[in-house]
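As annotated by TrEMBL, compositional bias 'Polar residues' applies to 1-12, 480-496. Residues or ranges marked as compositional bias 'Low complexity' in TrEMBL: 452-479. Marked as domain 'Major facilitator superfamily (MFS) profile' by TrEMBL: 87-639. Per TrEMBL, region 'Disordered' is recorded for 1-30, 450-496. Taken from TrEMBL, the feature transmembrane segment applies to 86-102, 122-142, 154-173, 179-201, 213-239, 251-271, 374-399, 419-439, 517-538, 550-571, 583-605, 611-634.
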Amino acid sequence: MANGGRSSPSKKTNMHLAPSPEPKCPSLGKGTETTNLYLTFKTVLPVANTTIATSPATDTGHEPPPPPDLSRYADPVTWPNSRKNVLLFLSCAATFLTAYTSGSYSPPQSLMREDLGASSNVAVLTGITAFCGGFGIAPMFLAPFSEMNGRYPVFVVSGIVYVVFQAVCGVVQTLAGMIVARFIVGIGGSVFSTMVGGVIADMWEKEGRNTPMALFSGSVLAGTGAGPLFAAMMTYRLADIGTGNAAAWKWVFWHQVIMGAVVMVALVIFFKESRGSVLLSRKARALNNWYGELEERGYYGLWIEKDGRLVSSNTVVSSYAGIGSEANSDEEKGPRSPVISSTANLRRVRWIVKEDEERSSLAKMITISVTRPFYLLFTEPVVFFFSLWVSFAWGVLYLTFGSIPIVFRRQYGWNIEQAGYVFASLFIGGVLATGLGIWQEQIMHHPKWVAQSPPSTTSQSSSSLVPGTSATASSSSASPEDTTSKNISPSLDTPTSRSDRIWALIRRRFPVSAPESRLYCTCFSSVLFPIGIFIFGFTSNPDIHPVVPAFGLVLVTTGITTIYLAVFNYFADTYNKYASSALAAQSLCRNVVGGSFPLVTALMFDNLGEVKVGGMLGAIAAVLTVVPWVLVFYGERIRARSPFATQQENSQV
């Protein structure tokens, strides 16, 4: 359509202009060039023209259409705590359930051997290996889908696959069918372990991320202990009831199907999309569609100053409140008028999201998702040694699926149900480690520790033009650290007592602003891992009360949980945009090692015995506890040599 002439304002308006001098209203139409602006969550949305018809309408409507409700596209970081906590609870519940599935498979292995016609228990245990295989491989392919389409569809579809193939495990009649079903169950359940960390990162800034990450890590270990505990009880009590598909012991699978279905229904109803770039894309689409509807009725353009500044209304239209919210009106005085200067012009604008432009094709994203984790694994010392550490810890965890029944049957004469109660140690250890992780966060915020920590540079978000266009918009805010630094007490700047001097030394040598701060407490708590292994191996004999080796397992699980939490937090802080690749590398290694250990558990304990196995594994665990200490003292130098970690640090300056 050719550019139409300027028409007089309609008599009824949603927003009326401020008094003269009047802004310039050029003739706009479909042929007018469109300016593309980048949209961020901090963009202050400009005033849309809803009063001056600059071109003849192309439909029969006269009044401008109402603005869209943008509250659904709010930045997840600004969500109310109630909404964040609901998503965190659902994520942890799903994580608990998938961890429950990994361990519950082991207790009925003898019954499955008879039912499936397997040659040995080791053959049956390949179902754990298959589960871990799907668990480790799937995220490399599913992660790109979640980046492009959001968390919600990936969670829902994967949850359905998980529940359906859990049911298949309950009816399958061959070992090959069981292995295939377990592999697919691992694929479906993998997102609730590997992608929940991403959901937490979506909703919390770095400073507030530790507590939800501790709850997530605790749910993993608690589920790993609860699964074999209840499965052992069912295996013992239902072993002789029914045959074939009617065998009562198959409720080991069916009760998980029921729990999984309940959790998945809750996810479908209550889980909300948390991927920021996806929400921004939807917000841009909603705004652009509204602008298109306005133009169909002859209202073209947004008000923009000559120097490129966007003209906003008196009441700042934030990305959370949306356009047309109640804040922009007064019941007695009517709609508030935007202040539009005489230098403002109307300009056709469309919003775009930077992440959409930078996003590659799905095939390329999958290629990067599959190859980059291996590249990081073999070129980044941090990724390699952390993956080695957490993989060994995960192998020991999966070793308990077979070692607990073997040791307590051989040393104390317990049946499978009695030995199953020992798995409560894993549950208790996970809960204790969660509390330890939350307490660690409180320690890190001690006022005398954070007082003189070097302030981190906060990035400023702006709405800027795509190269080649003329209008720009930006916004900035003062760093909260700047305000904090001005209010530091002089007594903290100048140590006056022995305590102050100690805190000054701690602040200087161990700053809380460094990524290595995630490892300070782990340096000490991870020692529980080898200590627990030694206790379990050296005290598992009839002359010592069985509560002692069970206590050793509590320490083992507590240590493993702290290691798991440290890996997630440190990778997220160090690699940020590459964190998903680093976490995928450790996840693959962790699941490969974890899936392999159950196959050799009986062989190790039969040939070496409890003492030698405990001594060997404990010694390896003790050596690996050096990893966090090395990073605490040399982490800054190591990160400086990394092109991936260094890029992230530079991007924050």
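Cβ atoms are placed via backbone N, Cα and C, with glycine included.
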Are there residues at least six beyond either end of the transmembrane segment (550-571) with Cβ under 8 Å to its Cβ atoms? List them, or say none. 197, 209-210, 213-214, 216-218, 220-221, 225, 382-383, 386, 389-390, 393-394, 396-397, 400, 404, 422, 425-426, 428-430, 432-434, 436-437, 515-516, 518-519, 521-522, 525-537, 539, 579, 582-583, 586, 621, 628, 631
Sequence-distant residues near the transmembrane segment (611-634) by C-beta distance (under 8 Å, 6 or more away from its ends) are 382, 385-386, 388-389, 392-393, 396, 399, 403, 510, 516, 519-520, 522-523, 526-527, 529-531, 533-534, 536-538, 540, 559, 566, 570, 604-605
Take every residue in the domain 'Major facilitator superfamily (MFS) profile' (87-639), average their pLDDT values, and give the whole-number result. 81
For the transmembrane segment (419-439), the candidate among 86-102, 213-239, 251-271, 374-399 having the most Cβ pairs under 8 Å is 213-239
May I ask you to check whether the transmembrane segment (251-271) and the transmembrane segment (86-102) make contact, with contact taken as at least three Cβ pairs under 8 Å and only pairs 6 or more apart in sequence counted? yes
The recorded stretch from 86-102, 213-239, 374-399, 583-605 sharing the largest number of CB pairs under 8 A with the transmembrane segment (517-538) is 374-399
Spatial neighbours of the transmembrane segment (374-399) not adjacent in sequence (6+ beyond its ends, CB under 8 Å) are 102, 128, 132, 221, 224, 426, 529, 533, 556-557, 559-560, 563-564, 567, 570-571, 574-575, 578, 581-582, 585-586, 589-598, 601, 617, 620-621, 624, 627, 630-631, 635, 638-639, 642, 644-645
